[in-house]
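**Q** Sharing the feature lines straight out of TrEMBL:
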TRANSMEM  7-28  transmembrane segment
TRANSMEM  34-61  transmembrane segment
TRANSMEM  73-92  transmembrane segment
TRANSMEM  143-166  transmembrane segment
């Protein structure tokens, strides 16, 4: 019974964010004439549709985390349906709100199917930095609509994948919560090597671990190319209190830090040890 209630809860939250996304996109278009989901790069990369598809399905992500429901084929199917329907729901919302300017609404004059045919064939493209209007694209509008449809689908799939890879407790399969984070910068390779090779070798409940986690480069040193960043995250299970440390390493390039996935590592903390206070002191 509890599993059924949680499944219903996840579905309810997912449907709620679906409706919220549709309403927000429709209202923004109605008051500004800017349709978020039509935003694209290089004409055929549907960035706006990806964002809207992910937003429409985001309720399943947050609902599953909140209620500790692992991603199932049922959730996957619901996410795909919500992402796919969102585009047509937005079209329909815009259709219902379209005022022809003479006291008549579009829905009083034409059917939704006819409206959609006209809408897609009269779509305009704006290209370049000056947003040059290319005029109506005709039948190509249907191609654009299809790429946007795929964008909605991919956005939904992205949400499902993020849920699949979210850390879970090995003992009770519940989602782990973030308890604390610590970011450290290393301007010297030897300092980082000493830290990386040692921090997980000493007892995590001892003073040496706290000392290593406190290490930081001088405050006046800026992050430059080659600077190494270590981000250590402490996660815990709200049910069985199991804790796990994840450590991600990044190296500064010309403008930003870039992941070094081969140095990412995880450490399960022995039962009975709580590192929350230790992380808060560093």
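Heads up, the Cβ atoms here are built off N, Cα and C, so glycines get one too.
Small disclaimer: the values here were computed from a predicted structure and weren't measured.
Locate each feature and note its surroundings.
**A** Within the same chain, residues 10-11, 13-18, 21-22, 25, 28, 75, 78-79, 82-83, 86-87, 90, 94, 123, 125, 127, 144, 147-156, 158-160, 162-163 sit at least 6 positions outside the transmembrane segment (34-61) and bring their C-beta atoms closer than 8 Å to a C-beta of that stretch.
Counting same-chain residues at least six beyond the ends of the transmembrane segment (143-166), those with a Cβ under 8 angstroms from any Cβ of the stretch are 37-38, 40, 43-44, 46-58, 60-61, 64-65, 71, 75-76, 79-80, 82-84, 86-87, 120, 123, 125, 137, 175.
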